[in-house]
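Step one of this worksheet: look at the structure below.
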Amino acid sequence: MMMENFKHTTVLLDEAVNGLNIRPDGIYIDGTFGRGGHSRLILSRLGEEGRLLAIDRDPQAIAEAQAINDPRFSIIHGPFSALADYVSERELIGKIDGILLDLGVSSPQLDDAERGFSFMRDGPLDMRMDPTRGQSAAEWLQTAEEADIAWVLKTFGEERFAKRIARAIVERNREQPMTRTKELAEVVAAATPVKDKFKHPATRTFQAVRIWVNSELEEIEQALKSSLSVLAPGGRLSIISFHSLEDRIVKRFMREQSRGPQVPAGLPMTEEQLKKLGGRELRALGKLMPGEEEVAENPRARSSVLRIAERTNA
């Protein structure tokens, strides 16, 4: 089957790559290859001795990566949460000079109706980043308990009508199992008593189900923890998030790792004991938001936040 060419405009492209502080001979990871915007820019800044390891769990992204014929570049089909395993297999633990993550769903995934990510286009109710693994959104919604669906909508979509929508989903699936995105969008819209004139009523539900089906927040947390073991001293983390749930995790991680161990005031400890606790693992270098010009050219960039941190010598 021919793969349609869906356009993808990389958000905060230069800023995210600048955040890595590229060394020509460095070793870098692009944990979310997508359509290769960040990877291609990183490669353009690497010298002959540099290396780039890219990761993506979307088979379409892996197919796109085959167009890069460069001995410094390699692509792995898998989740970025397993980056420590990929690095360990290549005996590069503690030698990585930078990790870039561009979180969430990409424009090609949203724009391709066959992937089932968008309520704006009718397609199979799938939503998997990797359609070859795990349950689709339709399969999960057909088997999940009403209370579990409500919890997911509330937790990952911050949906105030979560219980009402969950009940409507379960009732509809009892009558006729939903298999299409349009069906889910219609059920959610009908179950939503108060409409936001600036937002489709299914927006939060689709976000929540997608995050749950792909274990997105757990993936982020695991990747962040793994980064501490794989980064070299001075290595950079450059992470773009697109909604508050993602950014909250990244912000909390960078803040906690920048503070070092917290010792209660007045607790008697020797200098040797304090040393054993270790110091700060990261140094937070701040955050960036897209400028007005970028948002005008690419409205999806509006909610993006780039956070950068550097591995310390601790």
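Placement of Cβ uses the backbone N, Cα and C atoms for every residue, glycine included.
Some features that Swiss-Prot has for this protein:
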- Gly36, Gly37, His38, Asp56, Phe80, Asp102, Gln109: S-adenosyl-L-methionine binding site (BINDING)
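Features recorded in Swiss-Prot, as mapped to the structure shown.
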| residue | record | DSSP (3 states) |
| --- | --- | --- |
| Gly36 | S-adenosyl-L-methionine binding site | coil |
| Asp56 | S-adenosyl-L-methionine binding site | strand |
| Phe80 | S-adenosyl-L-methionine binding site | helix |
| Asp102 | S-adenosyl-L-methionine binding site | strand |
| Gln109 | S-adenosyl-L-methionine binding site | helix |
C-beta crowding around Asp56 (S-adenosyl-L-methionine binding site), within 10 angstroms: 27
For S-adenosyl-L-methionine: widest Cα to Cα gap among Gly36, Gly37, His38, Asp56, Phe80, Asp102, Gln109 in Å: 17
Count of other CB atoms lying within 10 Å of the CB belonging to Gln109 (S-adenosyl-L-methionine binding site): 22
Count of other CB atoms lying within 10 Å of the CB belonging to Phe80 (S-adenosyl-L-methionine binding site): 25
Fewest-neighbour residue among binding-site residues, criterion Cβ within 10 Å, set Gly36, Gly37: Gly37
Among His38, Asp102, the one of these binding-site residues whose Cβ has the fewest neighbouring Cβ atoms within 10 Å: Asp102
